[in-house]
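Here's the structure, in structure tokens; my notes come after.
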Amino acid sequence: MALKACITVIAVVYVVQVVRGAEKSLDSDSSGEDYELWTQGCPFLVAENRTGFGTTVSCQHNCNGAIEKVPEGEPCYTIGEDGLGRMKLNLPYNCSLGECSGGVCVPNGRSDVCFKRTWEENNKAMA
């Protein structure tokens, strides 16, 4: 349970960094509002690359009975939340990259080294 809480907190911190640092709007709907993963309900889980950039590991999830989806075309790792849960902390993994389409992370033929991090590791990096 504590591990899930730590992963959720990490996801929120990284998503905030990604959303606030984005130069473009992440939402293509007609409302004109920016899509912010951390304010729309439940945070999406992320894995980090070598530079500490967090990328979602799934393009949709259940949030208190409602299905939430990452916007079309956003980058993702195809490992899913279960894959992230099986990863060992701070060990490098070869993760397949993709783009979100209809709530599914569709592989794009590329891969990247990714890591599962902890809240403590994130705080050290931010200090």
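Cβ coordinates are placed from backbone N, Cα and C, and glycine is handled just like the others.
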Cysteine from C76, C95, C100 that Swiss-Prot links to C114 by a disulfide bond: C95
Recorded disulfide partner - C76, candidates C63, C105, source Swiss-Prot: C105
Disulphide bridge to C42 as given by Swiss-Prot, partner from C59, C63: C63
Among C6, C100, cysteine joined to C59 by disulfide in Swiss-Prot: C100
Distance, C100 (disulfide bond) to C63 (disulfide bond) (CA atoms, angstrom): 18
Between C59 (disulfide bond) and C95 (disulfide bond), the C-alpha gap once rounded to whole angstrom: 15
